[in-house]
Amino acid sequence: MSGQGPQRRLLGSLNATSPTTPHFKLAANQTGPRCLEVSIPDGLFLSLGLVSVVENVLVVAAIAKNRNLHSPMYYFIGCLAVSDLLVSVTNVLETAVMLLVEAGALAAQAAVVQQLDDIIDVLICGSMVSSLCFLGAIAVDRYLSIFYALRYHSIVTLPRAWRAISAIWVASVLSSTLFIAYYNHTAVLLCLVSFFVAMLVLMAVLYVHMLARARQHARGIARLRKRQHSVHQGFGLKGAATLTILLGIFFLCWGPFFLHLSLMVLCPQHPICGCVFQNFNLFLTLIICNSIIDPFIYAFRSQELRKTLQEVVLCSW
């Protein structure tokens, strides 16, 4: 992808460009401001991608192996792992092909590289959209399990969960295809940015409401035990910290990428916005980091899944 559109790393590798360096540097031109550009070494990018691949493959394998994990909640978590897996695999594949082309180990015409790049971009964008969707689906599922506990199993059934999962994947493929085909259209970029904001607001509202309900429940228990202050204060701090970490990681890892898209609409030619565009690979790296962190937030906290994961790692099928 390019600086002012989806970055085309493969196509750009056909041109004479300087290699990336593993340090911060200030970029400047004759008319623009000095910019802080963070260069991401390809080795680091590939390493992070491979770590994410291993983690998410283990999550999917554990859920597939243990029948006790064959429930809507874990299916959503498994689909999130698949989405994060695709994010990592496609980015690793794109970087690997780019390095092979630059090294002359892979001879390809520009048209062939462009077609391959378009396919990879569709996969990257689709996996990003599906990842955001499943983060929202997990939030909705947890909300229903708390506020509609008695009716949860009649509301969130396996057929409904599979229909929701299918709809998310179909919508992700269609939207990513349109985005790559019409990435230079303002309306498409605005839709993608609006989608991110909607997911952020949805998750914030649901998790804040869940935190409020949990604190209310803790106060009720504290009154029964006649030690309201200590229990309420301790739970409030723990709950607030968990919520801050969950939403903070989501915003920090995904926010810069969508800031990049927003600036493409608001100020595509402004020198200061150009400084942001120069760090697009950093924003992709943050998304890869999110794919590494997601299993720790949503999957590895489950004792049942951790136990199954140990069996998978030890190959005790």
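Glycine too: its Cβ is placed from the backbone N, Cα and C atoms.
Looking at N15, N29, Swiss-Prot tags one of them with N-linked glycosylation site, and that residue is N29. Judged by membrane topology as recorded in Swiss-Prot, R34 sits across the membrane from C315. C315 (S-palmitoyl cysteine) has a Cβ environment of 6 other Cβ atoms inside 10 Å. A coil conformation is recorded for C315 (S-palmitoyl cysteine) in the three-state DSSP classification, outside any helix or strand.
Contact counts against the transmembrane segment (38-63), taken as Cβ pairs under 8 Å, peak for 73-93 among the stretches 73-93, 119-140, 164-183, 241-266. Sequence-distant contacts of the transmembrane segment (73-93) (same chain, six or more residues past either end, CB-CB distance under 8 Å): 45-46, 48-50, 52-53, 56-57, 59-60, 63-64, 120, 123-124, 126-128, 130-131, 134-135, 137-138, 141-142, 145, 156, 158, 161-162, 165, 168-169, 284, 287-288, 290-291, 294-295, 298-299, 302, 305.
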